[in-house]
Amino acid sequence: MSPVKFKANQRAPLYRDVPDEKWNDWRWQLSNRLNTVEDFEKVLPLTESERKALNAQGLFRVDITPYFISLINPEDPHDPIRLQVVPRAEEIVPFTGMMEDSLAEDRHSPVPGLVHRYPDRVLMLVTTQCASYCRYCTRSRIVGDPGATFSRAEFEMQLEYLRRTPQVRDVLLSGGDPLTLAPKLLEELLSRLREIEHIEIIRIGSRVPVFLPQRVTQELCDMLARYHPLWMNIHVNHPNEITQELADACDRLTRAGVPLGNQSVLLAGVNDCVHIQRRLVQDLVRIRVRPYYLYQCDLVEGAGHFRTPVAKGIEIIEGLRGHTSGYAVPTYVVDAPGGGGKIPLMPNYLVSMSDHKIVLRNYEGFITTYEEPIEYHPHDPKTCPYCQNPRVEPGQSGITGLLEGEAMFIKPEHFDELHNRGGGVHRLRANDEKWKPLGIGDVHHPDEP
Ligand SMILES: *Cc1c(COP(=O)(O)O)cnc(C)c1O
């Protein structure tokens, strides 16, 4: 049991008489999920907008566990949990600039369900099913559709690709939600991955501890512990999601040796507030979950109403860094549309830089200078065994990257042009006169031609 106490056993009045054995059984929770106007009306009075969305054709799948819907205050149409899982009319309005596969994951898939975008790690989509469905889902193009789920043959192809690709040392299981897989299937998946020697770590991305903490049984934790080193990222967006049930599930996972991180999404009306975020990250570290990423909401069709300006994310990080434990501060990232990967964004603490002195500001706005060393004797790559035998050579991975293996500098006079090109990945070529190749250790001077 978690040593930290949070609100426990919240149940909507509809579930008052459900026996504990049923309520605490993840199978009962899954088979009693809510998804129709009639279901919802038994728990909360729907707004016009929600009713309209629920009656629309082609709506992204809706399903909410009794446990999770019970965390909503039924009187509040703006409840932060409600906004995440109950569809609103804005969802069915097409929004220009939105994309089906905004991160171009399908283009980076050497085999179906495997996204290989970074040199040493892959994303493996193992199911399209979730315990409940987030209205801003970045993979709503495939998630929720039981017909689109990955087949045994595709799984064998994924394994074959991993066996033949020794630079992959980190496999990130996602989907859908890997913890919704049948327990036997999940264990088979983990044991088959563990047979591949070059796979050093396995990661699971899951919102099951949040939607369905009942699934995180001691039995599941014992099984996961057989496949270490195994890490897990959960997905909590608002402090109201941190209940005693979640705290206990996280306690079981960490005691099984699974380090926990959190990935949250910055969502308009839900958590676009530094006070909410500070409470969220502080409560997360209390349950031993390390905030990992705060994502800018992706350009997904049907999720336009969740988007915030990027400045809001930077303002939140500004309000966390220095103001609270460093452990509690996530990295704010924009996943670049078109497949550029995650790009970290930070408030600027470097005010200016010259050869021997840099000017910095701290979290309170206090300005300070830092003297650079006059003499610097760097380590010698010629005698360094790590430099002599790098594990991943640039370009070895065969993945198309933003820079195609070369560090490039865009000349300032072409910034406007880049802005005007709009979203997507822009491939830079060494022979393109607008881009200047940058050698390692080179310093760029803005006034240089
Ligand atoms: C996010 C992501 C990863 C993992 O990135 P980390 O920064 O290592 O957490 C890997 N592959 C893809 C395609 C991703 O989107």
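Each residue's number is its place along the chain shown, starting with 1.
Glycine is treated like the rest: Cβ placed from N, Cα and C.
Feature annotation from TrEMBL assigns [4Fe-4S] cluster binding site to Cys130, Cys134, Cys137. The domain 'Radical SAM core' annotation in TrEMBL covers 116-328. Annotation source TrEMBL lists N6-(pyridoxal phosphate)lysine at Lys342.
Everything TrEMBL records as a feature, shown here on the structure.
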residue	record	Cβ neighbours (10 Å)
Cys130	[4Fe-4S] cluster binding site	23
Cys134	[4Fe-4S] cluster binding site	21
Cys137	[4Fe-4S] cluster binding site	20
Lys342	N6-(pyridoxal phosphate)lysine	15
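Look at Cys137 ([4Fe-4S] cluster binding site): DSSP puts it in coil.
Secondary structure at Cys130 ([4Fe-4S] cluster binding site), as computed by DSSP, is coil. DSSP gives the residue listed as 'N6-(pyridoxal phosphate)lysine' a strand state.
The [4Fe-4S] cluster site is defined by Cys130, Cys134, Cys137, and by the 8 Å test on Cβ atoms against their centroid, the other residues of the chain that qualify are Ser132, Tyr133, Arg135, Tyr136, Arg139, Ser140, Val143, Gly144, Arg207. For the pair Lys342 (N6-(pyridoxal phosphate)lysine) and Cys137 ([4Fe-4S] cluster binding site), the C-alpha distance works out to 17 angstrom. Mean pLDDT, taken over the domain 'Radical SAM core' (116-328), works out to 95 on the 0 to 100 scale.
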